[in-house]
Amino acid sequence: MSADSACGSMHAQSRAITRGSYGRGWLAFGLALAVACMPTWAEAHAWNVPYYLPVPLWLYAYAATGTLIVSFLILAFASGARTPHAGSRPDPRQPVLRIPAAALKAGQIASALFVMLLMVSGMAGTQNPFQNISMSGFWIWFYLGSVYVSAVLGDIYACVNPFAWLLRIASLHFPAIETGRYRYPQWLATYPALVPYIALIALELFGAGRPRDVSVFLLAYIAYALAGSLCVGRERWLEHFDALGILCRLCAKLSPLQWLPLSNGNVGIRLRNPIADIAREKPSHMSIVAFLSFMLSSTAYDGLRDTAPWNRFFWGSIYPHVIHYFPALGKNYALAGEALLIWQWLTFAATGVAYYVLFRMFCALQAIRSSPSPDGKAITQQFCLALLPIALFYHVCHYFTLFLGQGRQVLALMSDPLGLGWHLLPALSTSTEPSPAQSLINMGYIWHAQVLLILAGHILSVYVTHAIAVRNRDLVRASVVSQLPLLVLTIALTISGLWILSLPLA
């Protein structure tokens, strides 16, 4: 497969204080004050090890709020009406690192073989999730690894996408896969990709945790890719239907490395200013707004779902009303478990809608403050990428303990991928587990790393918002004042993220 075809989806998408501020300042202060009565101890979500915060949570909230406000003031007043390099374009004379087409093809084949290994191990191997490579291999190495590597190294996933290679092989026997049978309606944009993305997160949250489920999901995804390509064509499917490809493409916008198509199927990599490139982006489709909102909301819900306050709220406040109308549930624990599952599904959906509506509401406020003829939808589409660093960094913050907890099993799983007692790599078959004392010692570092990750993501979001506002002065006339609603939203998301992290598990 040529590098141009492998990276086509990536490059196609890449082309596509005033008086009133005091009220918002008091609102931000109130948000920070609201956490004064919150718990002052946290619990590591990967190991369920309690950790008592060295200072009350509200001090972290005050510090985070102050940092965001100071960052906003520095950007708004020290830089004036311009962001460094906001209007610059890549220098064509800049050195480019050339990646040969053969290396890209080898990467695609390797990734496709790895996906096949995950499917085989899930079906034929042990169903113990800790001994089968399909669980760690899919969730940590394939899903999370692809997203985080893309955020650091650029959209490498577009060039080694295993599903793109499998579709290309299938198109040799079924040419309709390459061209499709129907014209794709442009108004759909990337809405179709939301369906497999929601299914992926639902599998993580509500699945039984069996390796076989991973195999079934991958088989279903391949069938979805084949059916979609037969309908609209391979390139259209990669651009509008491939949930993981779109997720990696979005996260790659924050990378300082840009991947460019070269002659003879080669690909080049060069440095860039990601903030300047984001500021130059055309308004995104509302489907991208929904995609980013769901990325943020699903991660927040995952962190909140298994906490003690959330479960107390259901059993103490919701379930008694359910028993009042359905007395039989009070003595039937199986049905009570089903009621809890229904509650979790409903709140999962409600959380996704709430984050989407919340962002649109604050964008509408920004439109009112910035223009005599407000257009909340236009503001939402132009500023939606400000959600990207918040969603990505909170995603990393939420899952990096999983890397620490399961990443050490990589070598042992490579030696026995199906969990059948093999020793394919005897020297790598042993792994060391951390002692409880080591876990307790490390909890302080983990908590503060999570705090710094959340804060870094929100500071970057403030910077992105400012760069977009400066770049689009026709849409946002009063640059500083117009950014205040999104600043308040950023502060609220920061405090809520810290609060969720501090909650003890049920």
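From the backbone N, Cα and C atoms, a Cβ is placed for every residue, glycine too.
Quick caveat, the model's predicted, so the values are computed rather than measured.
According to TrEMBL, the transmembrane segment annotation covers 58-78 (among others).
Sequence-distant contacts of the transmembrane segment (99-120) (same chain, six or more residues past either end, CB-CB distance under 8 Å): 1-3, 6-7, 133-134, 137-138, 141-142, 159-166, 214-215, 218-219, 264-269, 417-418. Annotated transmembrane segment per TrEMBL: 99-120 (among others), in sequence order.
Per TrEMBL, the feature transmembrane segment maps to 140-167 (among others).
Annotation source TrEMBL lists transmembrane segment at 188-208 (among others).
Per TrEMBL, transmembrane segment is recorded for 214-232 (among others).
Long-range neighbours of the transmembrane segment (342-362) within the same chain, counting only residues 6 or more positions beyond its ends whose Cβ lies under 8 Å from a Cβ of the stretch, are 202, 205-206, 289-290, 293-294, 296-298, 300-301, 305, 314, 318, 376, 380, 384, 387, 485-486, 488-489. What TrEMBL lists as transmembrane segment is 342-362 (among others).
Annotation comment: TrEMBL describes 383-404 (among others) as transmembrane segment. Counting only same-chain residues 6+ beyond the ends of the transmembrane segment (383-404), those with a CB under 8 A from a CB of the stretch are 44-47, 139-140, 144, 147-148, 151, 250-251, 253-254, 278, 281, 284, 288-289, 292-293, 295-296, 299-300, 302-303, 359, 363, 366, 446, 449-450, 453-454, 456-458, 460-461, 464-465, 468-469, 486, 490, 493, 497, 501.
As annotated by TrEMBL, transmembrane segment applies to 445-468 (among others).
Sequence annotations record features per position, and here TrEMBL assigns transmembrane segment to 480-501 (among others).
Pairs of Cβ atoms less than 8 Å apart link the transmembrane segment (140-167) most often to 214-232, out of 58-78, 188-208, 214-232. Of the Cβ pairs linking the transmembrane segment (445-468) with the transmembrane segment (58-78) and spaced 6 or more residues apart, 3 or more are under 8 Å, so the two regions touch. Within its own chain, the transmembrane segment (214-232) is flanked in space by residues 115, 118-123, 134-135, 138-139, 163, 166-167, 170-171, 174, 176-178, 180-184, 192, 196, 199-200, 203, 240-242, which lie at least six positions past its ends and keep a Cβ under 8 Å from the stretch.
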